[in-house]
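As structure tokens, the structure follows; a few thoughts come after it.
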């Protein structure tokens, strides 16, 4: 993907979440992602098209992000899906200000390839999973995410409103029955570390392809040392090479702040709020 983008001189076909989807589907075999292979193609494609359309509206950055998150939650509920990477494909065109149709074509092509491989290898049959939609979790996600958008906007840092890999992991955390504090810390270190790897690599090397070849194995090594499996972490090196300059310069710090907020909120919800709601 990065090689094609380099040859065509078109960064809009570099899609960070494809790295995460590829890892989650083909390597980790995430049951919740493999469920109903057709959705691997059309749900991220729909959200990407929606995000592409929203980006063309004369709205502020924060309003675009908020609107996209709201529409995303509605779509996931309507289609009864928990495919978290769909958030990232929807947010990406707003974050990088995608304007070329090559972005949509790339999304369609890569997600179709992912779906076909899953179907041909029958991975969804080897890892059966029944997706259950928890509407309360959807509402909690939306409230916490929108609160973050409001706070960073009031602080004059709207570019901090959405870090796709962080939101993807946050959404998945809320779906889990438990969330230990030790895991929260590991995930914070993993995502902040992955963002730092992408940032440092692209700061030192003036080649997107070389950064990708070096940074992705380093992210794998980091996750291996931490003993965690986080497909979304693999999106960070690719995200670093396509972000606008201002967002790129603050990527590690913003990731640290965002993971602290979202994963901290998830821990508080899972440990203290959720048990009280369930007991009622």
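Here the Cβ of each residue, glycine as well, is placed from N, Cα and C on the backbone.
Annotations in TrEMBL come from automatic prediction, not curation.
In TrEMBL, the annotation transmembrane segment applies to 40-57, one of the ranges 40-57, 166-183. Beyond the ends of the transmembrane segment (133-155), by six or more residues, the same chain brings 62, 65-66, 69-70, 73, 76-77, 80-82, 161-162, 167, 170-171, 174-175, 258, 261-262, 265, 269, 277 to within a C-beta distance below 8 angstroms of the stretch. Remark: the transmembrane segment (247-269) contacts the transmembrane segment (184-202), by the rule of 3 or more CB pairs under 8 A.
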